[in-house]
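Peer 1: Could you have a look at this structure, given as structure tokens, before my questions?
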Amino acid sequence: MNQNFYSMIDRYKHQQLRIGPVSPQQISAWANKILPNGEVVGEVTKPYTFHYKTNKPEKDGLFCERIFGPIKSGICACGNYRVIGAEKEDPKFCEQCGVEFVDSRVRRYQMGYIKLACPVTHVWYLKRLPSYIANLLDKPLKELEGLVYCDFSFARPIAKKPTFLRLRGSFEYEIQSWKYSIPLFFTTQGFETFRNREISTGAGAIREQLADLDLRIITDNSLIEWKELGDEGSTGNEWEDRKIRRRKDFLVRRMELAKHFIRTNVEPEWMVLCLLPVLPPELRPIIQIDGGKLMSSDINELYRRVIYRNNTLTDLLTTSRSTPGELVMCQEKLVQEAVDTLLDNGIRGQPMRDGHNKVYKSFSDVIEGKEGRFRETLLGKRVDYSGRSVIVVGPSLSLHQCGLPREIAIELFQTFVIRGLIRQHVASNIGIAKSKIREKEPIVWEILQEVMQGHPVLLNRAPTLHRLGIQAFQPILVEGRAICLHPLVCKGFNADFDGDQMAVHVPLSLEAQAEARLLMFSHMNLLSPAIGDPISVPTQDMLIGLYVLTIGNPRGICANRYNFFNCKNDENAPLDNDNYQATKEKEPHFSSSYDALGAYRRKRIRLDSPLWLRWRLDQRVIIGSREVPLEVQYESFGTYHEIYRHYLIVRSVKKEICSIYIRTTVGHISFYREIEEAIQGFYRAYSYAS
């Protein structure tokens with residue numbers, strides 16, 4: 001691999017990959033290599049693969065050993081063998097066939113290129129929505145497509161020179177369209193001279209317009225127009241207002257695209273190809289199966305189609321002098337369509353098929369989707385220190401915790417447990433430690449608990465479409481074989497508990513653990529990175545639970561028309577369905593929330609049973625209230641009780657407030673205590689941070 005490619009991969013000692021347009025010089029630098037005799041190879045000029053008699057790669061073909069390296073390590077096309085890396089004065093390549101004596105693995109990354117006879121537009125940047133080329137040129141996509149596929153031409157502005165196109169105004173009528181009539185007047189060379197002088201068509205016209213763009217001027221002009229449209233305000237016409245909004249959205253996209261090109265040092269004309277890269281042979285193999293038959297990648301056939309058409313166009317432009325110009329335009333269109341099919345088959349309509357009516361897999365089909373090169377081969381590989389299981393709800397977990405089954409945890413942290421067993425002199429070597437783990441001795445689980453306390457794990461749910469698709473958690477040992485997850489983090493993962501699976505990974509290096517703790521913990525990712533809205537919000541089951549918890553008894557206070565102090569409530573008598581009808585009117589009173597929760601745990605009251613709870617309420621709130629009591633009950637000792645809708649006041653003979661009771665339920669008490677603990681915990685954390 002050449003030094004330029006190495007510098008891209010190994011920059012700053014980190015492996016990185018950037019996908020985007022590249023210059024023709026960069027493509028040439030990736031593909032070209034200089035042999036020890038000074039010859040430069042890298043261009044693929046022939047559409048052949050292997051010779052049908054010798055089964056050897058054709059020279060300058062799609063599997064040429066001079067361009068891509070030897071098929072067998074250290075063996076050239078002639079059959080000579082040299083020891084790889086031997087420091088001798090012998091040349092490192094065969095002087096007869098020009099093949100270098102290198103490792104055959106070079107065929108996995110050594111690229112080639114096809115020198116196109118005419119510029120070709122990259123179909124990804126033309127046809128994919130939004131069209132980058134149409135955005136930058138500010139022209140309709142249909143107009144650009146007609147220009148690319150030679151359906152019409154642009155006239156070049158030539159000042160103070162007689163032009164053939166000015167004759168168009170001399171005719172009163174036209175028998176044919178000028179698109180078809182102009183090429184009929186010229187031979188090949190004459191048409192090329194005319195086209196280069198007066199008209200512009202094909203991808204070359206797109207390339208010229210992109211090369212003339214100034215991205216900074218585009219950004220400034222788009223911003224000025226956007227501000228002018230914003231200052232105009234509403235016109236009162238719904239159709240016109242919609243057109244203005246669409247235009248403003250287009251200007252924003254255009255500015256963002258231009259800024260991205262400036263930031264990444266990409267020139268707009270690179271979206272039009274002059275050199276077509278050829279993939280390494282090992283990525284598009286030809287395999288021989290039983291019976292001597294060959295199986296080839298579809299990309300090889302698409303490359304052959306491009307080379308055939310490109311060579312035909314080259315012959316028309318260089319050798320033939322009497323070919324009509326119309327034929328040249330038609331051949332350029334065929335080259336453009338062949339490259340489109342190679343890059344993205346079917347993007348322009350009907351896909352290309354083979355003799356068995358099977359659609360060819362283009363480059364886009366190979367890399368995109370769930371079974372593509374990235375998601376299946378590169379990102380979907382199994383890795384060490386990872387596991388996978390179904391997720392279930394863990395309502396008792398904290399937001400930053402996850403429940404890890406014992407079977408998964410002991411496998412993930414086995415090396416750490418072995419080290420702990422040896423350090424504590426429980427086992428003398430690795431073999432004994434593994435046997436203790438297999439026997440599941442109690443000391444194993446104790447050491448596993450210690451290891452897991454300071455080691456976060458990463459949970460990932462595919463597809464990982466944004467950064468919240470993988471988050472860090474503190475693992476907790478649980479029984480069973482399913483991973484327990486807090487329900488509040490499901491929205492970030494786009495997960496639910498209907499059979500979804502998640503993968504668990506163990507960060508090993510200190511850098512990875514620090515990143516997990518500082519950036520990836522679930523309780524530190526409460527907001528959506530896209531729009532900033534809260535993403536850890538109660539949904540579905542949690543909302544239903546909160547509703548049931550706080551619904552209370554709908555009968556209201558008017559159902560109780562007696563002094564609650566006269567009700568004798570046996571604290572030890574459990575409440576069942578049989579005697580509930582007889583006792584449900586008796587609303588008990590409690591001096592603290594702990595007593596109320598204790599009575600609920602003893603099944604003395606229900607979750608929604610109304611009760612009176614003594615409460616420390618600011619008397620100024622009571623005095624300032626203008627609410628009239630629903631009922632006043634007097635005691636024999638002179639004290640009396642003012643019963644309001646939601647609270648009750650006990651006053652002395654001197655009308656002083658002795659105590660205040662509020663009417664609530666166990667559900668409200670539980671909910672209040674949870675909120676109170678959360679606020680206090682937040683306050684303590686904030687005070688500690690300050």
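Cβ atoms here come from the backbone N, Cα and C positions, even for glycine.
The shown structure was predicted, so the numbers you read here are calculated from the model rather than taken from an experiment.
Okay, so Swiss-Prot annotates it like this:
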BINDING   CYS76, CYS78, CYS94, CYS97  Zn(2+) binding site
BINDING   ASP496, ASP498, ASP500  Mg(2+) binding site
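Describe the structural context of each listed feature in the structure shown, including burial, neighbouring residues and relevant distances.
Peer 2: In the three-state DSSP classification, CYS97 (Zn(2+) binding site) falls within coil. Annotation for CYS97 (Zn(2+) binding site): same-chain Cβ neighbours under 8 Å, separated by at least 6 residues, are GLU65, ARG66, CYS76, ALA77, CYS78.
Note: ASP498 (Mg(2+) binding site) has no non-local neighbours, i.e. no same-chain residues 6+ apart with C-beta under 8 A of its own C-beta.
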Peer 1: Does DSSP give ASP498 (Mg(2+) binding site) helix, strand or coil?
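Peer 2: Reduced to three states, the DSSP call for ASP498 (Mg(2+) binding site) is coil.
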Peer 1: I want the residues beyond ASP496, ASP498, ASP500 whose C-beta is within 8 angstroms of the mean position of the Mg(2+) site's C-beta atoms, in chain order.
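Peer 2: Same chain, not in ASP496, ASP498, ASP500, Cβ within 8 Å: ILE391, ALA495, PHE497, GLY499.
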Peer 1: What does DSSP call CYS78 (Zn(2+) binding site) in the simple three-state scheme?
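Peer 2: The residue in question, CYS78 (Zn(2+) binding site), is coil (DSSP, three-state).
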Peer 1: Within 8 Å of the centroid of the Cβ atoms of CYS76, CYS78, CYS94, CYS97, which other residues of that chain place their own Cβ, given that this set defines the recorded Zn(2+) site?
Peer 2: ALA77, GLY79, ASN80, PHE93, GLU95, GLN96, GLY98, VAL99
Peer 1: Between CYS94 (Zn(2+) binding site) and ASP496 (Mg(2+) binding site), find the distance joining the two CA atoms and give it rounded to the nearest Å.
Peer 2: 62
